[in-house]
Amino acid sequence: MSTGADLKAREGDIPSDNMTQEQSFKKGFCSLRHGLAFILHLCNFSIYTQQMNLSFAITAMVNTTVASSQLNASTERPPTNSQDVWNETLQESKAPVYDWTPEIQGILLSSLNYGSFIAPIPTGYVAGVFGAKYVVGLGLLISSVLTLFIPLAADAGVALLIVIRVIQGMAQVMVLTGQYSLWAKWAPPQERSQLITIAASGSMLGTFLVLIAGGLICQALGWPYIFYIFGGIGCACCLLWFPLIYDDPQNHPFISTGEKRYITCSLAQEDCSLGWSLPIKAMVKSLPLWAIVVSYFCEYWLLSTVMAYTPTYISSVLQANLRDSGILSALPFMFGCVCIILGGLLADFLLSRKILRLVTIRKLFTAVGVLVSSGILLPLPWVRSSRSTTMAFLVLSSVFASLCDSGALINFLDIAPRYAGFLKGLLQVFSYLAGGIAPTVAGFFISQDSEFGWRNVFFLAAAIDVVGLLFYLIFSRAEVQDWAKEPTFTHL
């Protein structure tokens, strides 16, 4: 593998007559690295549709009439005509319906995360050592194939369905974690924000499409086709992934000489090669790394709460039927998808024009994203009588929260690009931890008091998010840390 000194030597050997050609690769989207970003966008899109499809399909897989009556009893409001029509439509479909209790439904929905706590760190480490191409590609293929078999597993029994969901969750972690090892070798520092946000926006687009199309698919074709369609899309993405994606620019057969030289020279100051050992002690003592860890946990607390309970809030508080609830729930994710990309472009613009330093950009985007997105959720309980105002607040919260994707959420690539895969796996553990705790706490508050419970949920999420922001603003850095430059000195 090439060392940092070798790359610097290559940078000095670039002939002057090739500089113009190299400069042309700094602009525009017609480059192989942007093609990688768009393919990863499709992969993230596919993974998130597979994560969300059961959350929506389960409303059609169980007795929706009973579920609707329980919901209306808890909110003490009569059912709407549109809800009754929707339930009758689902009952007329030929898709099977199961007698799953609420406890079984909860286990099925959460089983996707059972293996997620142990998979990220090994996945990130293996992707960093052996390369991310086959780690990500294999994870996408396994998850997509298992999605196709979910309807059969549901007929076979709950136990088999849980096993499939657990394996599927671990495969999805391979995709979501392993891809960051690619960016350590493909993303020039001045384009890092836009490339990663282009790829990451696929998650928002996938969530949006499932919410807006899930109800229509259930009504027109039956709930099994949610799994057939999105599982098939994932398999199609694999056909793009394996022949077109390589672990680094040096080995890609289709990359131009100019783009390869541009990426190599841009990363000359960063040693992206990962050995078999890790500086564990130095990582534990690193306050900039802890700043990112704390920020991840706190930001994902709010994000997990919003993702888990937005459909419930819209259906129970705003009294929307299942189909309308899906469409309304999709709006924040649609705007968030666009704004993630725009935020990345803005961050790279400020950096390339030297308007702001990198550390200032990371802190500014994180501060604005956290303060506005969490603050705008606080008045939601007082505007519940207005559906348009509530939706406007939810959309604005998603828009500003997307700025964090160009802030703290990619800061680990700035301080230690060499260990990008491993650190992303570590951060994923804390994000899954927040995702496991936050919805449970929210459910406790709501069950205690349906009126004041929502207020407590939003206040607690905002408070945790702001505490994480303060810690991040004090201790975060954006330069490569010393422990990420040294060879290795503490064995794993």
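Any Cβ shown, glycine's included, is placed from N, Cα and C.
Lifted from TrEMBL, the feature list:
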- 1-20: region 'Disordered' (REGION)
- 39-480: domain 'Major facilitator superfamily (MFS) profile' (DOMAIN)
- 195-217: transmembrane segment (TRANSMEM)
- 223-246: transmembrane segment (TRANSMEM)
- 287-310: transmembrane segment (TRANSMEM)
- 330-352: transmembrane segment (TRANSMEM)
- 364-383: transmembrane segment (TRANSMEM)
- 389-413: transmembrane segment (TRANSMEM)
- 425-446: transmembrane segment (TRANSMEM)
- 452-475: transmembrane segment (TRANSMEM)
*Do the transmembrane segment (425-446) and the transmembrane segment (287-310) come together with 3 or more C-beta pairs under 8 Å, pairs six or more apart in sequence?*
yes
*Report, as numbers and ranges, every residue of the chain located at least six residues beyond the transmembrane segment (195-217) whose Cβ falls under 8 Å of a Cβ in that stretch; write 'none' if there are none.*
33-34, 36-38, 40-49, 51-53, 55-57, 179-180, 183, 186-187, 223, 225-226, 229-230, 307, 311, 322-323, 326-327, 329-330, 333-334, 336-338, 340-341, 343-345, 402, 405-406, 410, 413
*Outside the transmembrane segment (330-352), six or more residues from its ends: residues with CB under 8 Å to it*: 189-198, 200-201, 204-205, 207-209, 211-212, 306, 310, 358, 361, 365, 391, 394-395, 397-399, 401-403, 405-406
*For the domain 'Major facilitator superfamily (MFS) profile' (39-480), mean pLDDT (0 to 100)*: 86
